[in-house]
Amino acid sequence: MGSLPPPSLDFSSVDHNSVKNGGSSHEHHHQEISRDNLLNLFTSQQDLLNHFFKHLDLSQTLEFARILLSSSGTVFFTGVGKSAFVANKVSQTLVSLSFRSSFLSPLDALHGDIGALSTRDVLVFFSKSGATDELLRLVPCARAKGAFLVSLTSVSGNPLAGVCDMNVHLPLQRELCPFNLAPVTSTAIQMVFGDTIAVALMAARNLSKEEYAANHPAGRIGKSLIFKVKDVMKKKEELPICKEGDLIMDQLVELTSKGCGCLLVVDEHYHLIGTFTDGDLRRTLKASGEAIFKLSVGEMCNRKPRTIGPETMAVEAMKKMESPPSPVQFLPVVVGEDNTLIGIVTLHGLVSAGL
């Protein structure tokens, strides 16, 4: 397959005097990015990435993945410049998937950090050229520590590949940059390769959704798979409690002050009898008028409310609130066959928790 020509870009609108002067001109009104030029760039980048996919040696790649999978130590990644950012990111992806991994700065490694390496570890070098001095200086030091060395490079016959235990060639036709200089395609290839290997390792380890979520407790996915009702419910003094013999008008403060929009009606043993909501209050007032002053909560409460247990996942509580015949804003939390009340979970509380 022949090399792609450089992307055809129209530089006619560039202020060449500004370029000569280091780009100091403030006259930018005539600069433009045309739709055709932008489309051409994305099409060219797609062709360059397709070249990588078509020419990647799957046997090399499989061997590399198996080495990482069988490592009993830590998989370290290193690189210089833009490749360092990729190395760091791929390492972070592996960490998020429960693999022991870390980024090793080649400069810091030569000033003490190489002490982290051991004979059980794998050190992966990201380098387009395979000729970066900082990486080549690191090799004998890392080899002395007994680590297994792998280079991921895009230039054939490079010196780094010759001194590592293994090399994986990342096929690169050219950079998208019209001068074939800025590392914009090579780094994209490195990222795609590294993260795809990470997902292959994830599948090989049979990482469950729950295990993945445990590594992302602050995210919505993590919260939905980690948080239980007991983690987000209100309890004890936060609960709007009353007895069934209490008059409705005597419990208005309790009804409105706890931010739950309801009263939880219990007996002397804290067994849940029913619920009385602010909606029930409006309906009772409309139907009874002045008679409401003599009505007890027990006479008007809902004695078959939806309830939930403390060990239920919080996301299931939200689903239960939204289920037919009509949505509700809260669920009493009960335990045991006698429905002992221990808390309340509200829709507002679930939303506030990030669910």
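Glycine residues also receive a Cβ, built from the backbone N, Cα and C atoms like all the rest.
Residues annotated as compositional bias 'Polar residues' in TrEMBL: 10-24. Here TrEMBL flags 64-207 as domain 'SIS'. The annotation domain 'CBS' is assigned in TrEMBL to 233-292, 301-355. Marked as region 'Disordered' by TrEMBL: 1-30. Taken from TrEMBL, the feature site 'Catalytically relevant' applies to K82, E134, E175, H216.
Break the domain 'CBS' (301-355) down by DSSP state and the numbers are 15 helix, 16 strand, 24 coil. Per DSSP, the domain 'SIS' (64-207) is made up of 66 helix, 23 strand, 55 coil. Within the same chain, the residues at least 6 positions away from K82 (site 'Catalytically relevant') whose Cβ sits under 8 Å from its Cβ are P183, T187, listed in sequence order. On its own chain, E175 (site 'Catalytically relevant') has L181, A182, P183, V184, T185, S186 as residues at least 6 apart in sequence with a Cβ closer than 8 Å to its own Cβ. Within 10 Å of the C-beta atom of E134 (site 'Catalytically relevant') sit 17 other C-beta atoms, taking all shown protein chains into account. Confidence annotation: the domain 'CBS' (301-355) carries a mean pLDDT of 90 in the model. In terms of DSSP helix, strand and coil, the domain 'CBS' (233-292) has 28 helix, 17 strand, 15 coil.
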